[in-house]
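Okay, these came from TrEMBL:
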type: DOMAIN; residues: 1-104; note: domain 'Dihydrodipicolinate reductase N-terminal'
type: BINDING; residues: ALA77, THR78, THR79, SER101, ALA102, ASN103, MET104; note: NAD(+) binding site
type: DOMAIN; residues: 107-238; note: domain 'Dihydrodipicolinate reductase C-terminal'
type: ACT_SITE; residues: HIS133; note: active site, proton donor/acceptor
type: BINDING; residues: HIS134, GLY143, THR144; note: (S)-2,3,4,5-tetrahydrodipicolinate binding site
type: ACT_SITE; residues: LYS137; note: active site, proton donor
Amino acid sequence: MKILLIGYGTMNKITARLAEEEGHEIVGIIAGSGKDAPYPDFKTIDEAGADVAIDFSHPELLLPLLEDEVKTPLVIATTGQKEEIVSILKEKSTSLPVFFSANMSYGVHVMNTLLKKALTMLDEFDLEMVERHHNKKVDAPSGTLVKLLDTALEHRDGSYPVYDRSNVHEKRKKEEIGVSAIRGGSIVGTHDVIFAKDDEVIEITHQAQSKEIFANGALKAANVLVNRPNGFYDYNNLFEER
Ligand SMILES: NC(=O)C1=CN([C@@H]2O[C@H](COP(=O)(O)OP(=O)(O)OC[C@H]3O[C@@H](n4cnc5c(N)ncnc54)[C@H](OP(=O)(O)O)[C@@H]3O)[C@@H](O)[C@H]2O)C=CC1
Ligand SMILES: O=C(O)C1=N[C@H](C(=O)O)C[C@H](O)C1
């Protein structure tokens, strides 16, 4: 595949290395500074003539690019401003194939599926969610946690998130879903969903042990997406035949 990279930070440097090892060609980048990039720099997505664009960037880089007409299939991994990004991608997907996932690891898709099942069986349990990431991450809570939280809010009537318990001066209410974000060192990314009631705790955890899993997930998704009809894809429908 001829690949355009949107963003050339930590993640897309890894994507470039893995893509080239697999025999793909990086035809260019669109990046903030991208000073150290050995690839041509483009200003719009389509001018690169790529088979697919893979984005790990920032909403302030991505969103203006989506204001142009785009025909190149898109794999989008940027987190933060989810509602705005997804709404624009859904509009775009009427004329091109788009894959979006706040976590490119298929394992997190499985975790979210397990969470849906657990929510139907554990409605008596208090629910708390904790994510841990490296100290360079700019958004909080993580896109993955936002996705897990959305799943929980959909399945628990009347539930609502509590992001900062330091301002809460009363006992926990049943409807609360506690959300905590931890930042430190080089933690790749860990997500814990904790179900707790008197005398028992059930936890579902996903622990990313390398950033390569995200880049590999994006490349696998791109490989499939380029042969898909126009539409909006995530891990729920990418592999389904239409
Ligand atoms: N869906 C998934 O599986 C994963 C998603 N991510 C997400 O991907 C994104 C990138 O992650 P990562 O590579 O680690 O981040 P980096 O900070 O290393 O790279 C971000 C890139 O975006 C550019 N950028 C950042 N801020 C701005 C801005 N305000 N305006 C224009 N350009 C900007 C940077 O340019 P410059 O270097 O010039 O600042 C750089 O090219 C994040 O949103 C992260 O959460 C990360 C891992 C997995
Ligand atoms: O910024 C990161 O590193 C990651 N971001 C994604 C998120 O916000 O969920 C995915 C992964 O956890 C790593």
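Backbone N, Cα and C atoms are what each Cβ position is placed from, and that goes for glycine too.
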Far apart in sequence but close in space: which same-chain residues, 6 or more away, have a Cβ under 8 Å from THR144 ((S)-2,3,4,5-tetrahydrodipicolinate binding site)?
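The list for THR144 ((S)-2,3,4,5-tetrahydrodipicolinate binding site) reads THR79, ALA102, ASN103, VAL108, GLU131, GLY189, HIS191, HIS206, given in order along the sequence.
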Ligand 1: which of the binding-site residues ALA77, THR79, THR144 have a Cβ closer than 6 angstroms to it?
ALA77, THR79
Can you break down the domain 'Dihydrodipicolinate reductase N-terminal' (1-104) into helix, strand and coil residue counts using DSSP?
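Computed counts for the domain 'Dihydrodipicolinate reductase N-terminal' (1-104) are 33 helix, 23 strand, 48 coil.
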May I have the list of same-chain residues other than HIS134, GLY143, THR144 whose Cβ is within 8 Å of the Cβ centroid of the recorded (S)-2,3,4,5-tetrahydrodipicolinate site, in sequence order?
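Surrounding the site, in chain order, are THR79, ALA102, ASN103, GLU131, HIS133, LYS137, ASP139, SER142, LEU145, GLY189.
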Return the residues near GLY143 ((S)-2,3,4,5-tetrahydrodipicolinate binding site), defined as same-chain residues 6+ apart in sequence whose C-beta is under 8 angstroms from its C-beta, sorted by sequence, else 'none'.
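Residues satisfying the criterion: THR79, GLY80, LYS82, ALA102, ASN103.
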For ligand 2, pick out the binding-site residues ALA77, THR78, SER101, ASN103, MET104 that have a CB under 6 angstroms away from one of its atoms.
ASN103
Does DSSP put the residue listed as 'active site, proton donor/acceptor' in a helix, in a strand, or in coil?
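Once the DSSP labels are grouped into three classes, the residue listed as 'active site, proton donor/acceptor' ends up as strand.
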Between the Cα atoms of THR78 (NAD(+) binding site) and HIS133 (active site, proton donor/acceptor), find the distance and write it as a whole number of Å.
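That comes out at 15 Å between the alpha carbons.
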Taking just the CA atoms, what is the gap between MET104 (NAD(+) binding site) and LYS137 (active site, proton donor) in Å?
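Here the two Cα atoms are 16 Å apart.
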Cα of the residue listed as 'active site, proton donor/acceptor' to Cα of SER101 (NAD(+) binding site): how many Å, rounded?
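Each residue's Cα considered, the residue listed as 'active site, proton donor/acceptor' and SER101 (NAD(+) binding site) end up 17 Å apart.
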For the recorded NAD(+) site, whose residues are ALA77, THR78, THR79, SER101, ALA102, ASN103, MET104, find every other residue on that chain with a C-beta no more than 8 angstroms from the centre of their C-beta atoms, and list them by sequence position.
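Close Cβ neighbours, site residues excluded: PHE56, ILE76, PHE100, GLY143, THR144, PHE214.
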Which state, by DSSP, holds THR144 ((S)-2,3,4,5-tetrahydrodipicolinate binding site): helix, strand or coil?
helix
Between HIS134 ((S)-2,3,4,5-tetrahydrodipicolinate binding site) and ALA77 (NAD(+) binding site), how far is it from one CA atom to the other, in Å?
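HIS134 ((S)-2,3,4,5-tetrahydrodipicolinate binding site) and ALA77 (NAD(+) binding site) have their Cα atoms 17 Å apart.
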For LYS137 (active site, proton donor), write down the residues of its own chain that are at least 6 apart in sequence and whose Cβ falls under 8 Å from its Cβ; none is a fine answer.
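The list for LYS137 (active site, proton donor) reads ARG183, given in order along the sequence.
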